[in-house]
């Protein structure tokens, strides 16, 4: 008899039950691993699969996470370059792609990443035809459109991480300015994730008190408190972090886990995520931009109708036109 047989007496045959909450992260770079650890520490899945083309890095990351199994409640952590390892995932998070270089705009990255997606997306669909696809790779709005087109999935099952992080940065800086916790500072950044994002100043509030009623010039020129700088800090934030440490990882990883949580726990929380906005706010083209959306079990269930001022809507339409200008040149 083996040590195991001497130690344990078998009572019943374990029935093979598939994972109920399997999450896959594609890409084990800085963002992928920050997303993975954030998902694990929030106990959001019973199985985590990692995929990447760089086999040694992948193997090392999987082993490193497995060595911490004692401290986690996720009993299965797997990884392979073969997409069969991702089979039957509930949520697939795509972080893979060429990394944004210092000073490079997110839009510059496009065609490089489209070519990578042509390999990734069909493989995800093959093994998890019912999954919810979450795109994080930049430029996220265009790549969410690309993933939607390549997957053939209905629009509610393809979500971009969008301005969920931009809005978090906004609320953090607002909190610093007011000496309040970010969760008590309400403000939404919509539109493109990145340089032409739109801060909805009309909706900024604390405890239901609209800050624009207290300071009518908030967000505009001639505001003595220069709140406009808060949005500039949001836009420059990522570039600043990249300049200092070479990449961004922790905040986007936490943002991804926040979105995954709303889906797997069916929370019906509202998040600013990238979705198909054609027909909304004067947008005429087939583009993905961030607007407040309800996330639950089946993905994106509803869109909240924001009351935007004319100039905010104009900025949104301008963003859409910029994105469409790039999209129509892409070879899919």
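Note: Cβ is positioned from N, Cα and C throughout, glycine not excepted.
As the structure is a computational prediction, the values presented were derived from the model and not from experiment.
The NAD(+) binding site annotation in Swiss-Prot covers 29-57, 99, 138. Under the heading substrate binding site, Swiss-Prot lists 106, 138, 169, 248, citing similarity to another entry as support. The active site, proton acceptor annotation in Swiss-Prot covers 193 and is backed by similarity to another entry.
Sequence features annotated in Swiss-Prot and their locations in the structure.
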| residue | record | DSSP (3 states) |
| --- | --- | --- |
| 29 | NAD(+) binding site | coil |
| 37 | NAD(+) binding site | helix |
| 45 | NAD(+) binding site | coil |
| 53 | NAD(+) binding site | coil |
| 138 | substrate binding site | coil |
| 169 | substrate binding site | helix |
| 248 | substrate binding site | coil |
Cα separation, residue 169 (substrate binding site) to residue 37 (NAD(+) binding site) (Å, whole number): 20
Alpha-carbon spacing, residue 193 (active site, proton acceptor) to residue 248 (substrate binding site), which is rounded to whole Å: 14
Nearest recorded site to residue 41 (NAD(+) binding site) by CA-CA distance, among binding-site residues 138, 169, 248: 248
When distances run from the Cα of residue 33 (NAD(+) binding site) to each of the binding-site residues 138, 169, 248, the nearest one: 248
For residue 138 (substrate binding site), the one of 45, 49, 53 that lies nearest, given that the binding-site residues are compared by Cα: 53
Alpha-carbon spacing, residue 248 (substrate binding site) to residue 49 (NAD(+) binding site), which is rounded to whole Å: 22
Integer Cα-Cα distance in angstrom, residue 49 (NAD(+) binding site) to residue 169 (substrate binding site): 29
Fewest-neighbour residue among binding-site residues, criterion Cβ within 10 Å, set 33, 37, 45, 49, 53: 53
